[in-house]
Amino acid sequence: MSGVPASAFLSLALILFCIGLYGALTKRNTVIVLVSIELMLNAVNINLVTFSKYGMMPNITGQVFALFAMSVAAAEAAVGLAILFALYRNKKSVNIDEMDAMKN
Amino acid sequence: MENAWIIPLFPLLSFLFLLLFGKRFKESSAYVGMLLTFASLVYSLLVLFERFSSPTYKQEGVWLTIGDVQLTAGFEVNQLNALMLVIVSLVSFLVHTYSKGYMHGEERFPVFYAYLGLFTFAMLGLVLSPNLLQTYFFWELVGVGSFLLIGFYFYKDEAKAAAKKAFIMTRIGDVGLLIGMILLFWQVGSFEYDAIFAAVAAGEVAQGMITLTAILIFIGAVGKSGQFPLHTWLPDAMEGPTPVSALIHAATMVAAGVYLVAALFPLFTASDVALTTIAVIGAITAIFAASIGLVQTDIKRVLAYSTVSQLGYMMLALGSAGYVAGVFHLMTHAFFKALLFLAAGSVIHAVHTQNIEEMGGLWKKLRVTGPLFLIGTLAISGVPLFSGFFSKDEILIAAWEGGHPILFLLAVIAAFFTAFYMFRLFFMVFTGKSRSEMKNVHESPSLMTLPMIVLAVLAVVSGYVNTPWFGTFLGDWLVEGNEALGHGHVEGPAWIMIVATVVSLAGIYLSWLIYGKKSLSRNWLGAQTLYKVLYNKYYIDEFYSMTIVKVTKGFSHFLRYIDTYLVEGIVLGVTAFVQTLGRLGAKLQTGQVQTYSAVAFIGLAILMVIFALTGGYL
């Protein structure tokens, strides 16, 4: 583990984040958008863990924080999916283009 | 006398009371007005009698302090004020009484009485004012009162127009008064009459400035008293109810101008130019209005022009330094002109027309009004032993002694005209045969005739307070303790009285020949053009509408274009700009969350690029 440089972890996190961002901004299916957001969150988690190990002052805080972020993300995914269900019941669609109630 | 301030408050109370509760009282609101004005009258009489034996009373309190200047408010009871109080409250009370009969059945009866109260309050307040500022307040309040009263029948277009005309024409004069007042304040540093007179007497004000302010103030009087260039509102104001005409055009509003000149008399006497201006305007007005009165066919309009003419007389007297003559005529005129207006109202009440061509032979039908009208006519014509004779004689003497032979001649001719047209009116209304179908011609109720009888008595006897034969009590009293006002009585040549008598009798005789005996043709004027010119009042109204009104209208059209195109264009431009901006902003709100986040991300990216390029320093 120690043989892998920090930049590799950070690059992985960057790639994950970019994929997540791309998905969140371009996909039409709301479920995919939610999944992409999870990807971005996980990219952040990788960053947190990386810096808790290779940072200026390595300590356990970053890993604890990553655990917190995961549990919050789980809760968020649950709430997000619930909202999506409610929307689906109303609109009979999960297409994000049709969710424009805030227009104008 | 210490409580003289309460006199104007009675009518004010009547006004407020009727305004609030008039609807509930209906026609009995007349009693409220009558009672309260009667209280004013009684108190005015008490003040007048007290004033005979005691000096001028003046009480003031500081109203405003602006820097070093103190503006005061209060009241003053001098001879002129005490006399005016009685005249105004008496005529007002009689008009209140008369209106009870005349306005019977009028829907807005309580409103009428409320307006009467307001007007009387304004006029009584005006004559009690000890300084110019207060005078100006009440002066404008009188204007408001007259506007309301003249426009009382506001559903008639003529009445509406007449009310507006009266207000605007007098306002033109008021501007002069206001400027004169401000100039005086600038020069003297006080609005107080006493302070102004003292400064003028001490020569603290430049001669040119005195003349200027005096003439400016006189312009105010010209507007209010219907003098020559601004007289056109007065005949039109006949659209108001007839009792109003008696109140406004006999004793109060039009007398306010004369009163103002009399109250500021020491200022005017300090400038010969101002005095001459007053005398000339007065004389022109007297002869000018009298000549129009010769051919008018509306009973009230004839009386209106005679009022204008008589006011011209008073101005002529004041301008010829005849203070006593002017005030004396103001008093007698108030009585006989109020009588004539009320009698005319009684005639109109009986026959329901104002056109004298349609009247005639009413003497037998109106056994009370007829003789009363005759008394008024005799008084205004200056027939010996009636009040008008003595006061007109005083004026003629003043004009003669004033050293203006031409003005004297004009006054004599005007006296001839007056006698002629007043008796023309009398003969056409009361003698001969009725010229149209008259049904139900009946005498007015006693409520209307009683005030007329009171006025008729006064029209006869009020002249005797100041005669060359039995002593000049009024004149001596008026000028007592004030040299600036001139002498109580001016001895004039005896032939003036004879001339005045002959002239008025000649006018009556000629009138009788034409309209009574009908031995002379009614087309005595011969020249149709002259008749037309007179009948159309010298085309003054037409002249005004051709010149001043047109110019003003053109100017206001021009201003309207500026308003619609320039001002409104700018306003529209601003709103259009803001709206476009708003619409653009609204377009950004697509509701697409992904677009929002894309924009946010791009923004963040740009910021980061800048951050990276500048190395963290910005």
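Cβ coordinates are placed from backbone N, Cα and C, and glycine is handled just like the others.
So that you can see what the record holds, here are the features copied from TrEMBL:
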- B:63-113: domain 'NADH-Ubiquinone oxidoreductase (complex I) chain 5 N-terminal' (DOMAIN)
- B:129-418: domain 'NADH:quinone oxidoreductase/Mrp antiporter transmembrane' (DOMAIN)
- B:6-22: transmembrane segment (TRANSMEM)
- B:29-49: transmembrane segment (TRANSMEM)
- B:80-99: transmembrane segment (TRANSMEM)
- B:111-130: transmembrane segment (TRANSMEM)
- B:167-189: transmembrane segment (TRANSMEM)
- B:195-223: transmembrane segment (TRANSMEM)
- B:274-295: transmembrane segment (TRANSMEM)
- B:302-324: transmembrane segment (TRANSMEM)
- B:330-351: transmembrane segment (TRANSMEM)
- B:372-391: transmembrane segment (TRANSMEM)
- B:494-515: transmembrane segment (TRANSMEM)
- B:598-617: transmembrane segment (TRANSMEM)
Would you mind listing the long-range same-chain contacts of the transmembrane segment (B:494-515), meaning Cβ under 8 Å and 6+ residues beyond its ends?
-> 381-384, 389, 392-393, 396-397, 400, 412, 415-421, 423-424, 427-428, 431-432, 468, 521-522, 524
In contact by Cβ distance (the transmembrane segment (B:111-130), the transmembrane segment (B:6-22); 3 or more pairs under 8 Å) = yes
Kindly state the mean pLDDT of the domain 'NADH-Ubiquinone oxidoreductase (complex I) chain 5 N-terminal' (B:63-113) in the predicted structure.
-> 84
Stretch in B:111-130, B:195-223, B:274-295, B:598-617 most in contact with the transmembrane segment (B:29-49), if contact is a CB pair under 8 A = B:111-130
For the domain 'NADH-Ubiquinone oxidoreductase (complex I) chain 5 N-terminal' (B:63-113), the DSSP residue counts stand at 29 helix, 13 strand, 9 coil
For the transmembrane segment (B:80-99), out of B:195-223, B:302-324, B:330-351, B:598-617, most C-beta pairs under 8 A are with B:330-351
Using a Cβ cut-off of under 8 Å, list the residues of the same chain at least 6 residues beyond the transmembrane segment (B:598-617) that approach it.
-> none
